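*Asks:* Let me give you the structure first, and then I'll get to my questions.
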Amino acid sequence: MERTTLRRRALVAGTATVAVGALALAGLTGVASADPAATAAPPVSADSLSPGMLAALERDLGLDEDAARSRIANEYRAAAVAAGLEKSLGARYAGARVSGAKATLTVATTDASEAARITEAGARAEVVGHSLDRFEGVKKSLDKAALDKAPKNVPVWYVDVAANRVVVNAASPAAGQAFLKVAGVDRGLVTVARSAEQPRALADIRGGDAYYMNGSGRCSVGFSVTRGTQNGFATAGHCGRVGTTTNGVNQQAQGTFQGSTFPGRDIAWVATNANWTPRPLVNGYGRGDVTVAGSTASVVGASVCRSGSTTGWHCGTIQQLNTSVTYPEGTISGVTRTSVCAEPGDSGGSYISGSQAQGVTSGGSGNCSSGGTTYFQPINPLLQAYGLTLVTSGGGTPTDPPTTPPTDSPGGTWAVGTAYAAGATVTYGGATYRCLQAHTAQPGWTPADVPALWQRV
């Protein structure tokens with residue numbers, strides 16, 4: 001979003017790590033597993049990858065076209081495998097990430113006896129000292145302290161699944177330690193990293209297109225959505241409050257903000273008038289639009305591309321999930337940290353991995369000349385918060401659970417939290433269904449109730 005208070009230049013510097021407490025691993029070490037068992041490639045068709053996305057991946061990540069296609073396919077498969085292992089490992093799950101040119105999936109656990117299960121699922125196993133749940137509890141305490149009073153000189157904190165730590169970025173060790181003291185967390189689970197980062201909000205319906213608020217500031221469309229018969233788009237909350245009117249990229253009357261939250265979260269949606277038709281597309285800025293097929297969330301290390309009305313199309317990688325970041329206006333929790341660059345006016349724009357919607361641009365530091373760090377608001381929590389349906393090439397992803405959940409389980413192989421690829425089959429209520437579009441199952445999205453996702457066979 002473009003506005004005077006957000007035009008300060010953010011400083012980008014390296015980080016010097018300061019350990020606040022030693023991490024006790026209770027004698028556990030990483031497991032050097034055998035190569036994971038081969039699994040079938042996910043259904044990511046070559047036609048679904050736009051020339052613009054491939055070109056941006058080549059430019060920003062140093063990949064050739066074949067490597068970019070292979071990486072996206074591997075990352076898609078990794079997201080599905082990681083989701084399944086997170087569910088099956090439960091409290092023993094310690095996070096997942098991809099790394100290397102081939103996007104090799106590593107899944108961490110606190111239980112060495114689970115290494116074989118992880119390897120059999122097609123991932124490399126790593127045994128660590130603490131579960132993801134434990135670190136999420138620490139981060140939750142930090143978030144609560146920040147909501148009571150935003151910490152001074154502490155811009156970012158997150159769970160680093162690769163390091164099996166909570167990391168707090170601060171202008172000085174003293175500032176970081178003061179924040180930990182206020183939050184009352186176990187310092188033995190936290191690393192304070194010195195950082196000069198100063199994040200700020202960046203300020204047909206098609207992701208990445210410009211829109212204008214009340215005839216003044218500019219932001220970018222995230223993704224086309226519907227709510228019942230009402231069309232609209234998802235975007236960032238800091239771009240406008242409820243009742244703020246918008247004009248589209250052509251400067252014609254477009255819509256009105258119906259929901260908006262900022263700070264705390266950075267989510268919003270705009271209802272558009274009858275002159276605007278939602279499309280399952282993201283603007284490729286001269287290199288072909290990208291089709292949106294679903295919203296399966298990617299894992300740490302996966303590639304991700306961003307479309308915005310200031311800087312166009314740029315790519316990078318996902319660095320951390322469930323990050324908290326402090327802007328001048330307050331703290332935002334639950335965003336994803338990335339290496340993609342962005343600038344004011346890109347706010348609200350689309351983040352997408354392959355054909356899967358990931359989120360909308362929130363803010364960051366740096367720029368697209370010198371590089372930087374950005375944060376996006378994940379799309380699935382945004383859709384769920386407002387009861388929206390993502391417009392996709394398969395007809396939409398439902399987000400409204402039934403008002404009265406069933407009291408008895410109908411049985412079958414379908415399960416909440418599982419990532420399903422297009423073409424996968426499940427049983428539910430005595431019937432067999434085929435998945436029509438990739439997604440991660442949510443409560444209420446049962447095969448019998450969501451024909452946009454499942455077809456009975």
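Note: Cβ is positioned from N, Cα and C throughout, glycine not excepted.
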*Asks:* Between Cys305, Cys368, which residue forms the disulfide that Swiss-Prot gives for Cys341?
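*Replies:* So the cysteine paired with Cys341 in Swiss-Prot is Cys368.
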*Asks:* Here's one to test understanding: among the active-site residues His238, Asp266, Ser347, whose C-alpha is closest in space to the C-alpha of Cys219 (disulfide bond)?
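*Replies:* Checked the active-site residues His238, Asp266, Ser347; minimum Cα distance to Cys219 (disulfide bond) goes to Ser347.
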*Asks:* Reported as an integer number of Å, what is the Cα distance between Cys341 (disulfide bond) and Ser347 (active site, charge relay system)?
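*Replies:* The separation of the Cα atoms works out to 12 Å.
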*Asks:* For the disulfide-bonded residues listed here (Cys219, Cys239, Cys368), which one has the lowest count of neighbouring CB atoms within 10 Å of its own CB?
*Replies:* Cys368
*Asks:* Roughly how many Å lie between the Cα atoms of His238 (active site, charge relay system) and Asp266 (active site, charge relay system), rounded to a whole value?
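*Replies:* A Cα-Cα distance of 6 Å.
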*Asks:* Report the nearest neighbour of Cys305 (disulfide bond) in space among the recorded positions Cys239, Asp266, Cys368, comparing Cα positions.
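*Replies:* For Cys305 (disulfide bond), the spatially nearest of the recorded positions is Cys368.
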*Asks:* Within 10 angstroms of the C-beta of Ser347 (active site, charge relay system), what count of other C-beta atoms is obtained when all protein chains are considered?
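*Replies:* Neighbour count, Cβ to Cβ under the 10 Å cut-off: 34.
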*Asks:* Quick one: of the recorded positions Cys239, Asp266, Ser347, Cys368, which has its CA closest to the CA of Cys315 (disulfide bond)?
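*Replies:* Closest candidate to Cys315 (disulfide bond), judged by Cα separation, is Cys368.
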*Asks:* What subset of the recorded positions Asp266, Ser347, Cys368 lies within 10 angstroms of Cys239 (disulfide bond) at the C-alpha level?
*Replies:* Asp266, Ser347
